[in-house]
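J.: I'd like to ask you about the structure that follows.
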């Protein structure tokens, strides 16, 4: 359960941080406000499709091909890395694809997680383990704060015409920095 817990924290933490900071990421990468609302819609739609699709697809692949769910969970986590790389390398138009990939992967992780918990540990203590698995989401929230500040700073620098040094062009005082905690 500890390995599953750590893998879920890493997977959910990365995707949830990207989803929560999508507006700041879009602003810092120079996307217009209309596109940023599109990113949020894409994440929501693909989050739903990930939840429905992964539960349905994992059952088919498991029964037909004997493909284990933990391996499918690992593949979802690796696929979410593609979305993060699209953001990191600022591929032109890549935030649209990253929104789709990250939204799908965030949604796909939850049904797989709970199916894995029930398969590995059985149903005798499922309610306790379900609450433990869903508690990962609560534990990830404090980890999102450091990532948020970086995107707010970077977006503010570009909006002020800064050079990335943390100071606006020709103004002298440092730009607004959000506290980490």
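Note: Cβ is positioned from N, Cα and C throughout, glycine not excepted.
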J.: According to TrEMBL, which stretch among 71-89, 128-146, 147-165 corresponds to the feature transmembrane segment?
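T.: Comparing 71-89, 128-146, 147-165 with TrEMBL, transmembrane segment matches 71-89.
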J.: Which one of 26-48, 95-117 shows up in TrEMBL as transmembrane segment?
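T.: Going through 26-48, 95-117 one by one, TrEMBL flags 95-117 as transmembrane segment.
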